[in-house]
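Listed in TrEMBL for this protein:
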type	residues	note
COMPBIAS	1-10	compositional bias 'Polar residues'
REGION	1-43	region 'Disordered'
DOMAIN	61-489	domain 'Major facilitator superfamily (MFS) profile'
TRANSMEM	99-119	transmembrane segment
TRANSMEM	126-145	transmembrane segment
TRANSMEM	165-181	transmembrane segment
TRANSMEM	188-206	transmembrane segment
TRANSMEM	218-238	transmembrane segment
TRANSMEM	273-294	transmembrane segment
TRANSMEM	323-344	transmembrane segment
TRANSMEM	356-375	transmembrane segment
TRANSMEM	381-411	transmembrane segment
TRANSMEM	423-442	transmembrane segment
TRANSMEM	462-485	transmembrane segment
C-alpha cells in the first residue's frame with residue numbers, strides 16, 4: 001500500500017514553490033524557457049497581435065495619458081502657487097489654507113475605490129472621459145467664487161476629486177495591458193515624469209498667470225481649457241486593450257473578475273502590496289506637505305532675512321519663490337524618476353529585491369536633507385534651495401517604481417482596485433491630512449508666541465520638520481517590502497498565466513494523486 005497511487009500523499013496546490021516544471025513558457029528564471037532560462041516575453045509583433053494595437057499607437061496612448069497626468073497635477077498645485085493671495089482674498093489662516101488641499105484629497109480618496117471597482121469591470125476610456133470633463137467644469141466654476149463664500153471654494157475643490165479619482169486609478173492599468181517587463185517600466189517612468197513636472201508647472205502657471213492678469217482667479221482658468229483637449233484626445237486616440245492578455249499564455253483562459261470582497265481579501269493578504277502602500281503613504285505625506293507649504297515657508301524665510309517685504313492685507317503677495325520652487329520640482333522630478341528607474345533596472349539583474357530597496361534608499365536618504373533645508377532657512381536661502389533640491393530628487397525616485405511594484409504583485413483583474421486602495425491608504429494617512437496638520441501645528445505654535453513675522457516663520461519651520469521623521473518611517477516600510485517581494489511577484493505571474501488557481505471557493509481543497517493524475521478534493525474528504 002505504501003507504493004500505491006491511492007496513498008494520501010498531500011501537497012499544496014497553490015504553493016508557488018512547487019510550481020510548474022521547467023520549460024513552462026512565460027515564467028521567470030529557471031521556470032521560464034527551458035533552453036534560455038529567461039521568461040518568454042512577447043516581442044513587438046506579439047504585443048500587436050495580443051492588443052490589436054501597433055507599437056506606435058500604444059506609444060501614442062501613453063503620450064495622451066502622460067499629458068492628462070501632467071494636467072492633473074498642474075491643476076492640483078496651481079492653488080499652492082497662489083496660496084498667499086487666496087489667504088489674503090478670503091482672510092483665512094494657515095489651518096484653513098491647509099483645509100483646501102485636505103478637502104480635495106479626501107474627496108479624491110473616498111471616490112478612488114468606486115472608480116477602481118468600475119475600472120476593473122467596465123470600459124476604462126469612457127470612465128476617464130466623463131471624469132475629466134466633470135473636473136474641468138468644476139475647476140472653471142471655482143474661479144468665480146466671491147470672497148465671502150470660502151466654503152464654496154472648499155466644496156468645488158472637493159468635487160474636483162471626482163475627475164482625478166476617475167483617472168488616477170485607471171490610467172496605469174491601461175499601460176500595464178499594453179506593455180510588459182522593461183518596456184512597461186520605461187513607459188511607467190514616462191507616465192510618472194508628469195507628476196513632478198505637472199506639479200512644477202502648476203506653481204509656475206499659478207504665479208505667472210496671476211502676475212500677467214493681475215488677478216489670481218485667472219490661474220484657475222488655465223487647466224479647464226486644456227482639459228477639453230484631454231477629453232478629445234482620450235476619445236479619438238485611446239483604445240481599450242484586453243485586460244491581462246499580454247501576461248497570459250496563449251492557451252490559457254481569460255481571467256475573470258472576482259467579487260469586490262474577494263479582491264479586498266486578496267490585497268490584504270499581499271504583504272508586498274500593503275507594505276509598499278504604507279511606504280508610498282510616507283511619500284504622499286511629505287510631498288503633500290511640501291507642495292502646499294514650501295512656497296509660503298520660503299516667502300516667510302525671505303521676510304525674516306529682510307530680502308522681501310511682508311505680505312500685507314489688501315496687497316498682492318510679491319515673491320519669486322513659487323516660480324523657483326516650481327522649477328526645482330520639475331527638474332528634481334525628472335531627475336529623480338529617471339534615476340530611480342535606471343538604478344532599479346540595473347540592480348534588478350543581480351538582485352530581485354532591487355525595486356523596494358531603491359525606494360527605501362530614496363526615502364531614508366531624503367529625510368536628512370529635508371531636515372537641513374528647514375534648519376538652514378533662517379541663515380541662507382541658497383543653502384535651503386540646495387538641500388530641497390537633493391531631498392526632492394531622492395524622494396522622486398519612488399514614483400514609477402512603486403507603481404511598477406503594484407502592477408507585478410497584483411493580478412490584472414484587480415489592479416484598478418489595488419490602485420484605488422493604494423490611493424485611499426496613501427491619502428488617508430498621507431497628503432489628505434498632512435497640509436492641514438502642518439497648518440494646525442503652525443497655528444498652535446504661533447498662539448504661544450508674541451505676534452511677529454519671526455514667530456510665523458518659526459512656527460511653520462518646526463511643524464514642517466515632521467516630514468523628515470515620516471520619511472524615515474516610509475523607508476522602513478519599503479525595507480519590509482523587500483522581504484516578501486519575490487514570493488508575491490511569482491504568485492501573481494503564475495496566476496496571470498493560468499498556472500495557479502484562484503484562492504476562494506477552492507481554498508479548502510488539496511491535490512491528491514489518483515490513478516496517475518492529480519485530483520483536487522475537499523480537505524474534509526481526506527482522512528489523515
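Backbone N, Cα and C define each Cβ position, glycine as well.
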Distant-in-sequence neighbours of the transmembrane segment (356-375), which means Cβ under 8 A and at least six residues beyond its ends: 272, 275-276, 279, 282-283, 286, 290, 297, 336, 340, 343-344, 347, 383-388, 390-392, 394-398, 401-402, 405, 461, 464-465, 467-469, 471-472, 474-476, 478-479, 481-482, 485
Listed stretches 218-238, 273-294, 323-344, 381-411 vs the transmembrane segment (99-119), most Cβ pairs under 8 Å: range 273-294
Which range out of 126-145, 323-344, 462-485 gives the transmembrane segment (165-181) the most CB pairs under 8 Å? 126-145
Find the average pLDDT over the domain 'Major facilitator superfamily (MFS) profile' (61-489) in the predicted model and report it. 84
